[in-house]
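Feature annotations, reproduced from TrEMBL:
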{"type": "ACT_SITE", "residues": "ASP235", "note": "active site, proton donor"}
{"type": "BINDING", "residues": "ARG44, GLY45, ALA46, ARG87, GLN194, ASN245, LYS246", "note": "substrate binding site"}
{"type": "SITE", "residues": "CYS155", "note": "site 'Transition state stabilizer'"}
Amino acid sequence: MRPLEYKDGILKLIDQTKLPSEYKVVDCATYMEVADAIRDMIVRGAPAIGVSAAYGVAIGALSARDGSKEEFFCELDEICNVLRGTRPTAVNLFWAIDRVYRKALDNRDRSVSEIKDIIAQEACNMDCEDVETNKAIGMHGNKLIKNNYTILTHCNAGALATCDYGTALSVMRMAHSEGKNIRVIADETRPYLQGARLTAWELKQDGIPVTLICDNMAGHFMKLGKIDCVIVGADRIAVNGDTANKIGTYSVAVLAKENNIPFYVAAPVSTIDFSMQTGDSIPIEERSREEVTHIKGIPVAPEGIDVMNPAFDVTPSRYITAIITEKGIAYPPFEKNLKDME
Ligand code: MRU
């Protein structure tokens, strides 16, 4: 299942705000529409927003005004800046924009029309690479999964969050396709309900056994011995292994440690921010108060109540058993073992 598809200057996105009650595809024909789709979470998940942003740069570049090369690069800067301003936490967004921009710069001796094609081609390359990366994450992670495992996950690190397969969910897909009897426990993931709306939907489509729980039930099931391991995705991993992921991940990690349950992070190397030494400097997105006070437009809290809505938290690396990447599984000490993957 692919949440995004690019053809002839149009980026088609499955509208993830509508799932699972409605399956709708949105067309983005301008880079501004791509930026809005990322900001409004029509497309979400670190790898998916990265590749969408790369396509956004390509779409913007294609419609750049005819002019000199200097004017073209000025416009390209503006397009990249708009896309960079959409969501602050997932490093894949910045990584992807920087990669296509660098590709354009490396080819600045070519004609503007050639540079436009090169940008579009680079975005397509990143799309294909992401699919292969996720398959490799699934292959490596599968080694950690035994028959009859029950795996808890938080948020959606599935096909919908990437260009296909997912990161955490790729591990589950691989184990299931190998004939291992596994069950996934999906945290609903308040306030945006990525677990209930997206992970549960995605796994059900694939016939992978999945049980939905409210976020506050995870500790209960861990204490009862019902969870064998936790696998989550990541939005940004610091050099020391500290990991930003969907709000609530930290609580799950602490509960897992208390109950001696392995806690794994599955993410591509592009999610590691090699410029950030610890998770303390990872910017945390604050989203709208309505995500907390309303569910599907219906108020669930008193009008005017004070609200805090950080979209992510940072799990210190001491809670993380291992980080599963396309290049293999990194164990502590992460400073050394993640660096080897650069
Ligand atoms: O706010 P979202 O839905 O974009 O957050 C997504 C997550 O936190 C995912 O776990 C993360 O991006 C990894 S996706 C493979």
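Glycine too: its Cβ is placed from the backbone N, Cα and C atoms.
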Between the residue listed as 'active site, proton donor' and ASN245 (substrate binding site), how far is it from one CA atom to the other, in Å?
5
Non-site residues, in chain order, whose CB comes within 8 A of the mean position of the CB atoms of ARG44, GLY45, ALA46, ARG87, GLN194, ASN245, LYS246 at substrate:
ILE49, ALA90, CYS155, ASN156, ALA157, ALA161, GLY233, ASP235, ALA311, PHE312
For LYS246 (substrate binding site), which residues of its chain lie six or more apart in sequence with Cβ-Cβ distance below 8 Å?
HIS154, CYS155, THR189, GLN194, VAL232, GLY233, ASP235, ALA311, PHE312, ASP313
Binding-site residues close to ligand 1 - of ARG44, ARG87, GLN194, LYS246, only those whose C-beta is under 6 Å away:
ARG44, GLN194, LYS246
To see if you understand the setup: which same-chain residues, six or more apart in sequence, place their Cβ under 8 Å from that of GLY45 (substrate binding site)?
PRO3, ASN156, ALA157, GLY158, LEU160, ALA161, THR162, GLY233
Taking the Cβ of ARG87 (substrate binding site) as centre, how many other Cβ atoms lie within 10 Å?
22
With every protein chain in view, how many other Cβ atoms are within 10 Å of the Cβ of ASN245 (substrate binding site)?
29
Would you give the longest CA-CA distance, in whole angstrom, between residues of ARG44, GLY45, ALA46, ARG87, GLN194, ASN245, LYS246, the set recorded as binding substrate?
17
Suppose we draw a 10 Å sphere around the Cβ of the residue listed as 'active site, proton donor'. How many other Cβ atoms does it contain, all chains included?
32
For ARG44 (substrate binding site), which residues in the same chain are close in space, meaning a Cβ under 8 Å from its Cβ, but six or more apart along the sequence?
GLN16, ILE38, ASN156, LEU160, ALA161, GLN194
Specify the secondary structure state of LYS246 (substrate binding site) as given by DSSP, simplified to three classes.
strand
